[in-house]
Amino acid sequence: MEATSHPAVHPVAVPPQFQGAGPPAIQMKDFPGSPGTAGGLALRFTQFGFSLISLCIMVSIAGFSSVTAFCFLVATMVFQCIWSLCLGALDIYALLTQRSFRNPLIVSLFVVGDWVTSTMTFAGACAAAGITVLIDNDLEQCGPNHCGRFEAAAAMAFMSWTATTLSFCLSFWLLASCR
């Protein structure tokens, strides 16, 4: 007795039409918060807002430039503001033209940029928080210094770092899903 097989997939009357020589290319999925989406734009403006608040707080303190860690925080916040504003403009362009960033080369640029700015922001926030703890707890010289403002600037930098790290993770996930 001969065994017969029954196909699991029923035949299609007309085969699908391919444009080009091979099967269709694999498309990247749009995750909420990925570049070129409304969530991505919200993340960019969140990064920009927190870093701008941190920058304004630090610049409003008269003697911040005498401490290297505070100067580094200001430099990283300037860099974070520029990066977030530029990518926010790209997100606005993508939303207005109804395009998305599905090119792996462009997404990898976002991934590397978010990774670098995230690392710099975290380092600046940690350095500023460490010096603030030193001034407040160890030296007990918080009276003449502006510890509350230093703490607020470091907290805003940490919030900016959180948004940048989330953006990095989503962009990295988008990049990994296309391969």
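Including glycine, each Cβ sits where the backbone N, Cα and C put it.
As recorded in Swiss-Prot, the features of this protein are as follows:
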- 1-54: topological domain 'Cytoplasmic' (TOPO_DOM)
- 97-114: topological domain 'Cytoplasmic' (TOPO_DOM)
- 136-154: topological domain 'Extracellular' (TOPO_DOM)
- 176-179: topological domain 'Cytoplasmic' (TOPO_DOM)
- 55-75: transmembrane segment (TRANSMEM)
- 76-96: transmembrane segment (TRANSMEM)
- 115-135: transmembrane segment (TRANSMEM)
- 155-175: transmembrane segment (TRANSMEM)
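With a cut-off of 8 Å between Cβ atoms, the residues of this chain six or more beyond the topological domain 'Extracellular' (136-154) that come close are 54, 57-58, 60-61, 63, 70, 73, 125, 128-129. Sequence-distant neighbours of the transmembrane segment (115-135) (same chain, 6+ residues past either end, Cβ-Cβ under 8 Å): 51, 58, 67, 69-70, 72-73, 75-77, 79-80, 83, 141-142, 145, 147, 150-151, 153-154, 157-158, 160-161, 164-165, 168. Here the topological domain 'Cytoplasmic' (97-114) has long-range neighbours at 27-28, 30, 34-37, 83, 87, 90, 164-165, 167-168, 171-172, 174-175, 178-179, meaning same-chain residues at least 6 beyond its ends whose C-beta is under 8 angstroms from one of its own.
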